[in-house]
Every structure is written in structure tokens, then in C-alpha cells.
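Student: Below are the features listed in TrEMBL for this protein:
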- 205-300: domain 'Ig-like' (DOMAIN)
- 393-463: domain 'Ig-like' (DOMAIN)
- 483-576: domain 'Ig-like' (DOMAIN)
- 585-681: domain 'Fibronectin type-III' (DOMAIN)
- 683-793: domain 'Fibronectin type-III' (DOMAIN)
- 797-885: domain 'Ig-like' (DOMAIN)
- 894-990: domain 'Fibronectin type-III' (DOMAIN)
- 1007-1095: domain 'Ig-like' (DOMAIN)
Amino acid sequence: MKDLAHLMANSCWNTDSSSVLINYCVSFLFVAGKDITFVAKVDSSNLLRKPAMKWLKGKWLDLGSKAGKHLQFKETYDRNTKIYTYEMSIIKVVDGDAGGYRCEVTSKDKCDSCTFEVTVQDNSPKYIFCFNCSGDAGEDAGDLDFSALLKKREKKQQVVQEEVDVWEILKAAKPCDYEKIAFEYGITDLRGMLKRLKKMKKVEPKKSDAFLRKLDSAYSVDKGKRIQLSVEVADPNAQVKWLKNGQEIKPSAKYVFESVGNKRTLTINKCNLSDDAAYECVVGEEKSFTEVFVKEPPVTITKLLDDVHTVVGEKVEFEVEVSEEGASVRWMKDGVELNRETAGSKYRFKKDGKRHILIINEATKEDIGMYYAFTNGGESKAELEVEGTILSLKVLQSIADLTVKSAEQAVFKCEVSDEKVTGKWFKDGVEVQPSDRIKMTHIGRIHKLTIDDVKASDAGDYTFVPDGYALSLSAKLNFLDPPKIHLDTSGTGNKNTITVVAGNKLRLDVEITGEPAPTVCWMKGDQVVAEAEGRVRVETRKTLSSFVIEGAEKPDEGHYSITVTNPAGEDKAELFIKIVDVPNPPENVKCTSVGEDSAMITWDPPAFDGGVPVKGYLMERKKVGSSRWTKLNFDVYESTTYEAKKMIEGVLYEMRVFAVNGIGISQPSTNSKPFMPIAPTSEPTRLMVDDVTDTTCALKWRPPEKIGAGGIDGYIIEYCKEGSKYVQNIYQRNFYKPSDNWVQANEEPVGKNQYRVKGLPVGEKMLFRVVAVNIAGRSPPATLSQAVTIREIMENPKIRLPRHLRTKLISLVGEKVNLVIPFQGKPRPVVTWFKDGIPLEDKTVGTRTSEVDTILFIRSTERAHSGKYTLSVQIENMSDSADIHIQVVEKPGPPIAVHVTEVWGFNAALEWKPPKDDGNCDIIGYTIEKADMKTKEWFMVYEHNRRPSCTVSDLVMGNEYSFRVFSENICGLSDEPGISKNTAIITKTGLAYKPPPFKEKDISSSPKFTAPLVDRSVVAGYATAISCAVRGHPKPKIIWMKNNMIIGEDPKYLMQNKQGVLTLNIRKPSLFDGGRYSCRAINDLGQDEVQCKLEVRGSKANPPAPLPHIHLPFTASMTNATSVIYHKFLQQAATLSHPD
């Protein structure tokens, strides 16, 4: 029969609209050997994409990787209701399937989970005779009769426990046990606990080369909150990897990576129970570890326990209600914890949503006491009182535990006070029936149970229950069976050899038998493989030990052994795990030779063949700059030399090679150096002699007519004496081989089309030839038709003066002069420079001479460098010379003696003298400007005026004018002008103005405020001001007061009076500066006063920047209408600067 554990049917519906799961699960109890199915339903009507479901066991064991015959998964979707249904089936449940499970569903930024417990009991009908069920009342239908199974238990006295230091326990415990210990001792502030533990554990941190600051040992975060894990690395450019339970984390909306300088941060958003895990930060070979604990909110008790008063034999229920569904509740009686393992069949535990119920099937006197219900956020207690009497039976001898081996006899014996009492024997709650092996006897007061030829199935708990008494005597039969390893490696080829492909997962399940359950130890060589979470680990169940390697690597290869031991003996098995992989890439791929459309490629075999012989190779090629590779062979090629054909001449190619073995294809080799299929060029053209000396010969030539796509890498020049025997051009596979009689003049090919061969014998006749070289080799040679005699040739000296130096060279002061003048002559002529007929000795003027030219350079010219420079070249009695005129100029000085000579009407005549300094060149004109003496602004009158005089017209009558003159040469206007010593006054004629007599008006008045003070509300710490306006004559005296107290020379206050606008500035007001401020104006004719209220408020978190205070000029002569407008403006300005 198949049990179906629906999460919906056995749980409360979830009413939270933000959740993804529409129900939560509670704990389950199943019988071993049956099939069970768990069903979870997800409402996707509000989801943007399909949800992802994970079934987990424990903290982080993903059951999806365990799918097979024992564990099966199914998924369906209802289009009408938009509900996804996920099923997990456990086929023939075993004891190892018991434990905590969690289903976790995620969809984009939403996440939800449900936890539940699975308990597995032995497949025996121990409850069949206890339940007399009738009707369809469900779990509680019928009468429950457990009286026959009750044990006699003496009422325990409450023991006063010694005071325990929980911090010492926490210091010695592992971080994974912190939460359990905190729950046991009532610690609810996990964050505070971790901080205190961190301070208590003063361990000297190990110095790290990669980390400046590592992760803390543990972090705690509330469910749904965000947490940040940060480290500081020594290298700001270092790359880090983040791992969760050994698996690398990829960036996403949930996991955010940040890198700022040396700081690396991992941010986990919306933490849930699946984030409760171990995390690592890896930099190179170094790691930093930590654990993250996701804390759920404390569960409180909303409905307390009630005291119960009952009689013997009645059913008792204690009910408590908690704040959250699926919460864990611990039950205790008189300080002793009650759970499924220790309570036996006397107590039952029931969960119904938020309700948790403790059921006592038949109450006895032993059940009297105080019962407690504990959660991590509260507790409740209630007292049970039981009345009534039961018959008493005295036990003279109780049965004792037995340990026997196979085929031996086991005898259970007990003695009671009443010899007439009969009873029944039970094994694991099921009544024992007599058989050929099992016999039960009753002689007087002694009751015996004899089991012959004991088997493993006989092991268990045996109980004798006297009829008519609430009493039971129990003992355990322990069966000893030598351990045995059932290792099956028949499908792996060699005996006890297991071959695993690198990167794959190995899971070796080994069945183990033996009673009691044997201890299992896996070893690799002399090292023990730990039973812990990791890449290489051991998972042990009752009759099964699994050796797991996640992502097999080459270092995992080796000899392994498994040893099982128990008190009855020991067994051992050995096996060899071989890791095979694809081979390494081939090495040293290169091109050895090229043809017009082909190339010869060679390579070396891979250094590591992956543990499997290499079958052959695959080749690919591509053009340089392209990303597209072309396969050259589809069948495996066994040799390490390959001729690639059908290539385009002049195109650069690259090659790469793959190695192939029985596992697969290797990674590609590194690309070969680029090579080009190409043929040599034709011979160079127009080879001729350019120059000959006593020991050298200069040659020049033109490039070959046919070059090809490969271009030219350079030229090789060779020579030999006339009359020597030499071999003509020899071609072998497009490669030219020179004769031994020719001597190579240059070690490396030259890129220019000219070369001077040095070290030649004087007077000898020499032959020369030139060869072009490219990637394909040497071209045919170009040879001189006649021999060249090595002897110096005389040539008259001659200066080739550039055209721009044949006229005067003009340069500005400070500029750089660099003159290059070529010359010719053989042998090399002697070069001499002169200035104004005298040999040049000025150190500021430099010269440099080569074989073909001479250079005259001046780094910064001065006027003293002006003059005639003469260049002379001479060979023995022959010479040539050339003159170069250099003029260094600058801006002129100002004109002198500028004066106004005559003024008539609207005209003025000016005269001046030329400047003393003309800048070493002619004056080409003058610029005249005029300025009114009132405005002092200058305006141009004449430009490029060549004469030292001028007449200025159109002057304004009644004005007085001044004049200035700039001199100008080819460099520009002078820096300073010449200013006229006198001015020109244009007088008025025939006009006279008689002003009327002035009568002074009496403007005396008493002070009157035209704009009052306005109430203000300001923020403390920000400067403020209050303003008003007053008029009166004579000028009134101003007095500022606060709360009717005159404000003196307090530096906190600044009082201003600008044309009747009065301002009181208060620097950084505090709460004590609030109050009533008044301003009083007094003169001889009277006084006036205005006042306002100033409120100072406390500063906000981010106070707005105060607007600057506005000052407007205000005079006593303003009209009443103007003062009203000004008053309204001040009120609006105050409202804008302080809106509240």
C-alpha cells in the first residue's frame, strides 16, 4: 500500500499574499518499507516566470542529485487554476530517510520554503491491537488501549540541576551547534551571543599574504533581511571567488558582488533558510571561511496550558497554541524531555497548524506532575493530578538484557509475587506467538521465554505484561553478527578497480551487514576520509556506506580501503579508483616550410594523455584576424606532421591542433606563429654604383618588378673579385643557394634601396650583386654588368645654397635659427664659417658638419646675431663660398615728443618724433588714438600713418582730449605708446547759462518705520537675519533689543544700516536665541518702534540650504506706496526662505 503525504492535506493553508507556497507542512510518521509521496502546490497567478522548486534534506543536501529508483520527482501544471504541483516520492522508505526536510520554491525575486519532519518506525503491527477504530472520525476515532504496554515507573523526584556556564559550552562547541545550544538554554539574541563569543575567543589570527582582513568566524541575520560579507585583500587588482557549501556563487539579483579598492563584498539580499550555510572567499590558493546563521523570529505561545484533573485510565490532552505554523515545541515533564524516542508508546504528539497537543493515552499515578511546553520565545506549564487506585503486584526478579550470537539460545526469565498471575510476551509491541523455536513457560511464580537457534530477526525489545495489572517488564535482545562488506565491482572491468571520468561525480554505495551496526572507516592510503560535508566525503546510513567524490580530479586517484568493525569481528575491502580525462593539448605547433599554396606543420604529442592512449589528432586553421576556424580533417590523423594545402598565396594563416583519446577531445593547442604561403620575389632592378672611395663602394637599386603579397623583408648585398669562379643562380624548391665565392656584405637584411659596402681592397676590381629576401626565401640576384675599381674619385667643391637663403633671412628676437646647407666634393672638403669677414667664434652660434652638409644653428636669437655669415668649403687649392645675411628684429620703442601744436574749431594738430629704438628695422607707420578726459576711454583715429604728424577732426565741443601714438614696424606695434604732453580743449562760443536761485526745502521728520519686522521660524545652527526699513531726518539712532533688553556689542549679532534698511544678522542661532526682538529709531523730533517673534527649531537630519538674505536699498525719501510694496516684498522673501 502506498502512503500519500500531501502538504496541503496535512498542513494549514498559507494566507500571506507575499508567499509563493500556498501551504506549509508539518511532521509525518511512516512505516518502514512503504512508499510515500509528498506534494507541494504553488500558485503562479502573480508570478512573472515559472517557479523553481528544490527538495532539500537537512541544511543544504539537494535531493535533486539523488534522483533514481529510491527517490523520484514529478511536476504537473493546471492551466485553469495556474497551480504548479510538485511531487517527491520515496520508494520503500528506510530508517535513513528519517530527518528534517525542506521544500524551497523561488521565482525571480520571490522565495518561500516549508520545513517538515519525517519519522520512520519499524514495519510491525505494534499499533493494530491498540486501536479499536470505528466510523470515520479520523485519527482519534475509537478507544485507545495502551494499558498492556505500560511500564512501571517510579515517580521521579525533581533534581536540582547544578548551575552551568553556557559560555564555556559555547566556546568549546562547533559553530554549527550554536543555534541548538542557544535554544536549549533560552538564548534568543543570537547576534549578541556571536558578538560576545567573538570577544571571548582571543585567538591570534594567522598572518595571510592574500588577505588584510578575513571574514568573521560567523554571521547572524534575521530571515528576510540583507547581510554583507566583506574582506580586504592585499592586492587591489586581485580576483576573488565566493563559494557556498563548496559551490561557486554566480552574480545575480540575490547575490551582489562589489569591488572597491582592496575591499571585496558579497551582499545576500532577502535571506531565507537556504542561505543558512558555510561560505568561503578564495584568493588564489588562500581561503577565508565563515558561517551564516539565518535567524527566524521567536515563536511565542498565544494560548497557555490548562491544569488537568483526571482519574486512572482516562485519556489526557495538553494543548498549547503558538504564534507560527510549523514551529518546534519541546515537551517536558518534571525536567525530563518528552520526545518520540524516549516517550515510547505512552505519549503521542500531535500538530494541527498552530496547535500542538500532548496526548497521554491512559493516565496512571506515575503521570502526576508538572508538564511544560517550550518554544524559542516562551514557555507554559500545567499540572496533572490523577486519582484512583490500582492493584499492586510485586516483581521479585525482572528480565535482563541478553546478547547472543547466531544459532545460540536466548532465555528471558522473570519472577512475580503472585504465582497465579498469567501474562503475555511482546516483541517490539507485537505479541509473541509460540513456534518450534520459540517457547513460553509458566511454572509457579516464574515466567520464561526461550528462543532457540537465534537469528538476526529475533533482535529487539521484549516485554512481559502480567494480565490485569498496569505493569510491564522489558529487556532487549542484542544479536551479534560479524560485519561483512558486500562490494560489487563486477561492472568496472578489472577487479576492485573503478574508473571515473574527471569532472564527473562518483557515488559508490557499499552494503554493510552486521549486528550491532558496525563502525565504518574509509581510508586513502594512510589518511582517513572524513564524514563531513565536502567534495570528497563519506555518507553513512544504517546498512549502507556511500563514498562520494564531487567533480573528480586527478589527485583523487589512488588506493582506497573500507574497514567495518563491531564486537563480533572485522571485515576489510580494498579498491583502486582511476581518474581518466581528455588529454592535454599538443605542444610546440609550428610551420617548418611554406610553398605557393601549402605549408608543412609539425607538433609534439601532449605531455599528459589523460590516462588513456592518444588515438590521433584533429587540425584547424584560420586567417589571421578572423575568428572562424576551418577543420582540415574529420578522421583522426595519427602522425605529428601534416601538410596543409589549398591555401591562398600572400594570406597569413594560423594553425592549432587537438588531441583525441578514448575519453574525448582535448583543449586546442596554442596557435602557431602566423605563416604565409608565398613564392620568392623577382630580382631587384636598376642596380648601379652611387659612389666609390679607396675602401668603400655605395650601391643603389630599385625594388623588384614582381614582389607578390608577401612583400620584402630586406636585401642582401654580396661581392667578389673579378675573375673568381662562381656558380650561377641555382633554384631548389624556390630557394636560391649562393656560391661560396660570393661574400655577404651585411649580416641582417637592409630595408633601404641603397647600401655602402666597406672594407674593400684598394685598386681591386670588384663585382657586386643584390638579392631580395622575404618569408619564402631569396630572389634571383641583380648583378652589375661591369667590375668596379675601388679608387677615390676627385670632385670639385661646390655649395648648393637653398633658394630661401639667397635673400636676407629675417628672424624675431628669441626665435630659433637652424640652417642646413648641403655641399659636394671629393675627398671630403674642409668647411669654415665667417661672420662679417672674421672667423666665427661666438659661442651662442653653433655649427655641425657631416660628409654632405653643414648646419648653422642659434638656439635663441639676439639682435647682436645680425650680420653677414660666410660659408667656405675647400679641397686643396680649390674652394667655394656663399654669403648668408641674417637680420634679427623686434618691436620698436614709443614715439617721443608727442604734443598738440594747434587747436581750431573742432580740429587739433599733432606732431612727434620717431622712436629712439626702431627694433633693427624700418618704421612703417604710426597708430594714433584719442581719449576724452571725462571717460578716459581710448578710440583709434588713424592707423598706418606714415608721417610724424597728423590732424584730428570731428572733436566734440566742450570736451578736453588727450592723444597717444604707437610706432609700428614689421614686428608690430610698440608695446608702449607716446602720450601727448598737453591736451586739446574744444571751447564753446556764444553760449551762457544762468541757473535759477535754489530754495532749500525742509525735510525734517520724526522716525517712521515703512517696513516692519516679520515673525520668523529658523533652524538651529544656520545663520539668519531679520530686517525692517525706517525713514526720518535728521538720521535717527537705531537700538536693537531682545526681550526688551538692549543688545550690546555681542559678537553673535551684526547690526547693519544701509540707506534706511536695517538688518540684524544672528550667527548660528541656538534654541536659547529664540524670543521677541524689537528695533527702536530715535531722533530729536520723536521715536518709533517695531517688533517680531523669532522661533528657533532643532536641526533636521538633512536641513535645506538657507536662501541668502536679500538687501534692498531704502531711502527716507520713498513714498508711502513704495514702502507698502517694499513691505510686501520682505514678507514674500521671508516665506520663501522659511516655508514652514
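Easy rule for this one: first residue shown is 1, then count along the chain.
Cβ from N, Cα, C; glycine included.
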Student: Summarise the domain 'Ig-like' (483-576) by DSSP state, stating how many residues are helix, strand and coil.
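Tutor: Looking at the domain 'Ig-like' (483-576) with DSSP, the answer is 6 helix, 55 strand, 33 coil.
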Student: Of the residues in the domain 'Ig-like' (797-885), how many are helix, strand and coil by DSSP?
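Tutor: With helix first, then strand, then coil, the domain 'Ig-like' (797-885) has 6 helix, 53 strand, 30 coil.
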Student: In the domain 'Ig-like' (393-463), how many residues does DSSP call helix, how many strand, and how many coil?
Tutor: 3 helix, 37 strand, 31 coil
Student: Limited to the domain 'Fibronectin type-III' (683-793), I'd like the whole-number average of pLDDT.
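Tutor: Averaging the confidence scores along the domain 'Fibronectin type-III' (683-793) gives 81.
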